[in-house]
Each structure stands twice: as structure tokens, then as C-alpha cells.
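Annotation source TrEMBL lists signal peptide at 1-17. If you look up TrEMBL, you'll see 30-142, 146-246, 250-358, 363-466, 471-576, 582-685 marked as domain 'SRCR'. Summarising the annotation, TrEMBL assigns disulfide bond to C109-C119, C171-C235, C184-C245, C217-C227, C321-C331, C434-C444, C545-C555, C655-C665.
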Amino acid sequence: MICLVIFLLGLAYQTLAQGNSPFHGNATQARLVGGSSNATGLLEVLYKGDWMHISSTSASYFTQTEAKVVCNMLGYGNSLTAYAFGPGNGNKLFGSLHSQGLVNIQFNCQGTEPDLTQCRGWSNSFSPSAGYQGYDVALSCERTQLRLQDGDTSHSGRVEMFIKGDWHSICDTGFDDSEAQVVCNMLGLHSTGIAKAYRGSHFGQGAGEIVIGSLTCKGNEADIMECNPAFDSSCNHRNDAGVNCDSTPVRLVDGPTNTSGRVEVLHGGTWGTICGDSNFDSKAVQVICRMIGVNNPHAFGYGYAYYGEGQGYIVINQLRCDGTESDISTCRSYEWNPPGSSSSFGCSHTQDAGVNCNGQTLIRLSDGVSEQSGRLEVLHNGHWGTVSSYGFDNHDLAVVCRMLGYEYSANSFYMPNGYYGQGIGEVLVRDLACHGMESDIGLCGGNWWPKTNPGDHNQDVGVNCDGVIPIRLGGDGNATAGVGRVEILHNSQYGTVCSSNFDRLDLVVVCRMLGYNNIPTSAYWYHGPTYAQGLGEITVTNLACNGIEGSIGQCGGQWPATRSCSHDNDVFVNCLGASEKIRLVGGSNNFTGRVEIYHAGQWGTICDNSFDRTDAVVICRIMGFQNPERAVAYTRAHFGAADSHVPMVMTDLQCNGLETTLGQCNPTWQSKYCTHNQDIGVDCCPSCQPSIVG
């Protein structure tokens, strides 16, 4: 009788000690608390009559091996996955046990022990620690429950796991095809396709707490809890992970990167291509790029075998996607061609579709005068080609400069007709048609197909993003003096500017480039065969500025110059506009005589072509005579012809009467066709006294 009472009391004590969690075990009594089932939660053991939590500060103290021993103790056997949550994760999932505990026990189990007490690290002389120390050990003896939500097929959707009594989505940090493979294996979704991961809440956003912040799988794990899960997540539902367990195998071939190339599809065990007809648009591109793991709104596609012609058969024609699909198999199209089919849907490999998922066409500038200038070249099919200047405009220029990382400004300009030299290889683009806001020229319209329009390297376009053209003054002056022959650096050497159609608006821009932003009205330009001629090429002719440009590169003109121009017509400028020195020679007094002007270091005369009274008025005003409007003009060397060694400085004065220098009268400088028998003269009125002479 006494023995029966003792037995019943012992049984009652055991039942009270266990609380609501049933106990399973051999020798050591253990339980899991706080979880959504008896098979998941924080670990407690009955030690010397008290329930003790096990806490640790190191993942190596309690591992999957120790978890397997506990699950065996609790009667769950070896058929199910046993895993430990790792230090701290149990507390995040199941709360904390603020009671006496056994801290930092290194169990060192082998995994085959029937009881924790038989692991090498167990001792019967542990000293329990009062209060909470370290992290409570947590584990699970059952496989994680998963489901797929909101997919476009039963094999695809947002990944959700059941834990803490509810369904929770998983953060897409580190979630790639290896993690997708584990998820699909757990769900038993094995098919002819492949497992593909989707990020960025492709299948919509879940609700509630995101429990798992990241996973690191190899792809062969039996449960995602074996993938070193991180339970501390700063994710939001915009980053919910998804999978497609039956994704169509696709690959990109012959592109310059692993995210660009010709699209090929594995169908019936054979790789084939997609027809890049008019239905192959940005929506289809988005679906294909997501299938290879790139979610980029700037991705773009190509037709007409941009990445070369494929082999074999054409699998898909008339592909029509909404852009939201997870797989091209759910897009609309003609029925997919079976392997070995001779049908081509009226399409050929010259129309094979390609994509650029990173949204970046590889471009470079070659043979420029700075890193921001040069001939525009595009990488295609492993080789660099050029872009035609036909149809190229400032909208295209803006996109190119931004792609290269340079600022597009009012000073930026482009050069047509092989200005930076002719390239080699194919002319890849003709009539580029950007709107100016695109992030890549691949998003622009145009004729990208060299087989239909091979073009001519004589039209290779060049760009200059910073607007800097090296310029200097040579000949009769230097840049510091603001006077001299205009020379421009081109093709690694300085060339000159032809005077054909050069005018004051061009002068304003040239002087601005030289640092003279506000030139005086007396500034002028000139040319002529007796001035020091330049060497090398003539860089530009028929320059056509409107006066507001920051560089002559932004002006119209012929670049390079036509062969009809010679160095006799090299442009010289005077940006300072210093007062012109004029004197009268051969007259009977100070008010009359042959007009001579000091220019380029010597005195010279003016030819009488087009010379009239208005021109004489300007000359007399420059010399400082009062009432210059009374001036009289003389032609045909009225005051005698100058000696033959004296230069003929200018001809064809076209004054309007208001000028302050003769350079403003748009003269022709240094005419070859005048003689000193045509030297001009003036009479500034004998009744007027000069205030300035010379």
C-alpha cells in the first residue's frame, strides 16, 4: 500500500512538472515549448527536479546533430528533419524563458545517442544559472510547411511558410535558384522544367510578419531550415520571394555579357530560337529577363539577329506577353514548334530575337582629343562598330553622353562625316532616333541592322560631351595677346579655319573659346595670302555660328573643310579690338591723303573696290576728326600709289557709317587682285581740326 502511494505521488509530480507539453523520452525528460506544435519550440530538460532551459551563445554548442538526438528522444524518429534554429533565433520566434537554465553546454553529440545524457559533453554536476543568460536553444522535429500563393500556375507563386501558427512570406535577400530548388523539392514539384527564383514580390505582396530574412542553400537540402536561415529581417513585403518550379529553360547566347544575347529555348530536349518579329516587345523582354534572374525595367530587346543567327529550329513565333508572367510558356503565341520541325512560321534566323537584360549597350569613344570626345562605337557580337551621322541629332547626343557618365550641356556637340576618323568593321546604327530622356541608346528607335543598311564610314558620327575643342592662336599673334591665326586640334594635330562665309557671329564664338567672353565692338577678323599660312589640314569651312554657342563644334559648317579652300584663306582674329592705327600719306595737309592702316606689324593700304563716302566717314571718325560726315572719298591712287613692297591690307569695305573700326566693315582681307593703282584716299575736310592724329 505504501509503495502504491509513493508511485502515484511520483506520477502526479511528473504530470505537474510537464505542464501542457506532453513528455516523450527514455531517461532524461525533455519538452519543446512556445511553438505551434509539440514538435517545435524552445528546449527544456528536467534536471535535478527542475525544468531548465538550455541557452547558448555559440551555434557550435547546439547543432543539427544535437537536434536530431532530442527529436529521437521525443519519439519523432529519424524520418523527419531535425534542425536547430541557431543562437537567438528561437527567442525571436518563440519568446524567452526567464528562469534557471543550463548555459553554454557543449554536448558534442554524435547524432546516434538515444539520450542527451549520453553525449560526451553532458555532466551530472552542472550548476544551473539563475535568471536569463545567453540565447535559448530552439529546434524543430518536423519539416517546414510551405505553400505557393498567387502564381499563374499551380507550380509557381509567392513562397510562404507556416510557423508560429500562421503563414509568413520569405525575404528575397540571397534567394536565388538554389533556394528555389529546395522549395520545389519540398513541395514535390518535379517536372520537365527548372526551378527559378523570383524577387521583388513578383507574385504580389504577402501580409503579416516576414520571419525569415535570408537563406543560403546549396540546392540539395531536404528543408529550407537546413539553409542557415536568418530570422532577423528588415525586409518589407516589396521583397517577398517567389518561385516557378516548372520554368522553361532559357539561355542567352553570343552576347557581350551573361545578361545579353540571342534568346534560346530548350524545348523537347533541343535548343531553338524565338522569332523577333513585331510582336516581340518590351513586355516579352521583361518576362525573359526575369526568367534568368534579372528584374530591370530598362531591359530591351532586339530583332533581326542582332546577336547573330541561331542554329536548329525556331521554337516560338508571335510571342505576346502581358509583362507580368513568370514564364514565357504562359504568354500567348503560336503553338510551339516540336524539335526537328521544318515549319518556320514564315520567320527565319535572320529575325532571331535577342535581349539585353542589364539595359546597357556597351559604347565607347575613340580617337578624340579628350576622354569625353571621339568617334562613337558600339560593341556588337564581340566586335566594335560605328554609328552613322545620318539622322543623328542632339537628342541622341544627350543619351550617349549620359551613358558614358558625362554631363550633357549646352556646350555638348556632335560631329558628322567621320570628323574623328573613320572606324572599321560594321556601321551598326543608322538614323538613331532617341527622344533624349532614354537611359540607353538601345531603347531608342533607328535602323540597327547592318545587313539592311551597312552604311559608309565616311559618315561615322563623333561626339564631344564636354564641348571642349582645343584651340589656339598662331601666326601673327598668340592666345595671350588675343590676336592670331585660329587653329583647332583635330586628329592629334592643329588645323586651320577657312574664311569662307566666316562672319562676326563666328568671331564672337571663337573669341569666347579663347577666354574673351565679351569682346569689344572693335574686335575683328581677317585673312589673306601674305599673312603667315598654317600647316596641315583645314579643319572647317563655311562655319555658321549664331553667336550664342560655347564652342564652334556646336555651329554648323563643313567638318572637315572642303578641298576648295586653301591656306591663303586661313582665318585670323583680333579679339581685343585695340584702336586701329590709321594715317594719311601724300596729301597737302593733315586732313587729306592716301589711307594707310597699321596691321600685322606693318603699314599697308586699302583697295578701292566698293569704296564710297560712307567708308570715308568711318575712316575720318576713327581718326578723330570733327564732323566726319563731310568726308570725301577718293579712288584710283588719287594721292599717289604706295611702293610695291607695301602690302594691300584689305578691300571691299562695307561700312554702314556707324562702325568704330574698319574690321567691323566686313572687309576682304589681303586681296590678290588689287594693285596700288587702286589705293584709296580721303579728305576729312580742311576746315576741321583733328583731335587725334595717327
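Each position is counted from 1, following the chain as shown.
Each Cβ is built from the backbone N, Cα and C atoms, and glycine gets one as well.
Distribution of TrEMBL features across the structure.
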| residue | record | CB count, 10 Å |
| --- | --- | --- |
| C119 | disulfide bond | 18 |
| C171 | disulfide bond | 22 |
| C184 | disulfide bond | 27 |
| C217 | disulfide bond | 22 |
| C235 | disulfide bond | 17 |
| C321 | disulfide bond | 22 |
| C444 | disulfide bond | 20 |
| C545 | disulfide bond | 22 |
| C655 | disulfide bond | 23 |
| C665 | disulfide bond | 20 |
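Using the rule of three or more Cβ pairs under 8 Å, pairs at least 6 apart in sequence, the domain 'SRCR' (471-576) is not in contact with the domain 'SRCR' (250-358). Each of the disulfide-bonded residues C245, C434 was ranked by the number of other C-beta atoms within 10 Å, and first place falls to C245. In the three-state DSSP assignment, the secondary structure recorded for C245 (disulfide bond) is strand. Each residue in the domain 'SRCR' (363-466) gets a DSSP state, and the totals come to 16 helix, 36 strand, 52 coil. Taking a C-beta cut-off of under 8 angstroms and a sequence separation of 6 or more, C227 (disulfide bond) has the following same-chain neighbours: E179, V182, L215, T216, C217, K218, E221. Restricting the average to the domain 'SRCR' (250-358) gives a pLDDT of 85. Looking only at Cα atoms, C444 (disulfide bond) sits nearest to C171 among the disulfide-bonded residues C109, C171, C184. C434 (disulfide bond) has C555 as its nearest neighbour among the disulfide-bonded residues C235, C331, C555, C655, going by CA to CA distance. C555 (disulfide bond): 20 other CB atoms within 10 A of its CB, across all protein chains. There are 19 other Cβ atoms within 10 Å of the Cβ belonging to C331 (disulfide bond). Rounded to a whole value, the Cα-Cα separation of C665 (disulfide bond) and C545 (disulfide bond) is 19 Å. Geometry remark: C655 (disulfide bond) versus C545 (disulfide bond), CA distance 22 Å. In the three-state DSSP scheme, C665 (disulfide bond) is classed as helix.
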